[in-house]
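So the structure is just underneath, and the comments pick up after that.
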Amino acid sequence: MSKGELKRPQSVLVVVCTRQGEFLLMQRTRPKGFWQSVTGSLDPGETPRLAAAREVFEETGIRAGGGLIDLHQSVLFPIIPAWRRRYALNVCFNREYWFALVLDSRRHVRLSQREHLTSRWLSAPEAVELTGSWTNRDAIQRVACVLDPMGGCGTTGQGGRSIRRTSRVIDSRFRRALSKT
């Protein structure tokens, strides 16, 4: 997106993790102290899958290749007032599409210095506690449920929804995709 160009109210969230249940979080340059998974807006004409692969590479230097898993989940959330000027007039909500990239082991992360200060590989509970976004917390918990159904599940997400129950929909698709990688 070039300076002055309005953002599309559609974005991706990519949970990058290892098969052993380590989750990558990055600390943003702004706002101070804000930790998150890979995120970013869709460019004009771009599909969510292409945006997810592009954002993973831009923010981490990791090429997703065929390992990107569409979680077939999207959420609508309000755009905070401080960021609304980036969008067309009267745009108040953003649609976020969820993906996962499950790696065999940790990889070296090459951060985009413009966007992030540092990164950490964390357990699911640590990542859930550190991230500043409810959508990011829910996505991490859902991926953790699939990686470790006995120990990685939280109990509720935003608004008290059961993570275990809503994960079942993602679970079968994710497990099939995970077995192919």
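Placement of Cβ uses the backbone N, Cα and C atoms for every residue, glycine included.
Taking H, G and I as helix, E and B as strand and the rest as coil, DSSP gives the domain 'Nudix hydrolase' (7-144) the counts 40 helix, 51 strand, 47 coil. The domain 'Nudix hydrolase' feature in TrEMBL is assigned to 7-144.
Look at TrEMBL and you will find Lys7, Arg28, Thr39, Ser133 tagged as substrate binding site. Lys7 (substrate binding site) counts 19 other C-beta atoms within 10 Å of its own C-beta, drawing on all protein chains shown.
The Mg(2+) binding site feature in TrEMBL is assigned to Glu55, Glu59, Glu115. Within 10 Å of the Cβ of Glu59 (Mg(2+) binding site) there are 25 other Cβ atoms, across all protein chains.
In space, Arg28 is the closest of the binding-site residues Lys7, Arg28, Thr39, Ser133 to Glu115 (Mg(2+) binding site), judged by Cα positions. Only Thr39, of the binding-site residues Lys7, Arg28, Thr39, Ser133, have a C-alpha within 10 angstroms of the C-alpha of Glu55 (Mg(2+) binding site). The 10 Å shell around the Cβ of Glu55 (Mg(2+) binding site) contains 24 further Cβ atoms across the protein chains shown.
Using the Cβ center of Glu55, Glu59, Glu115 for Mg(2+), the list of other same-chain residues with Cβ within 8 Å runs, in sequence order, Met26, Val38, Thr39, Gly40, Val56, Glu58, Thr60, Ser112, His116. In this structure the C-alpha atoms belonging to Lys7 (substrate binding site) and Glu59 (Mg(2+) binding site) are separated by 18 Å.
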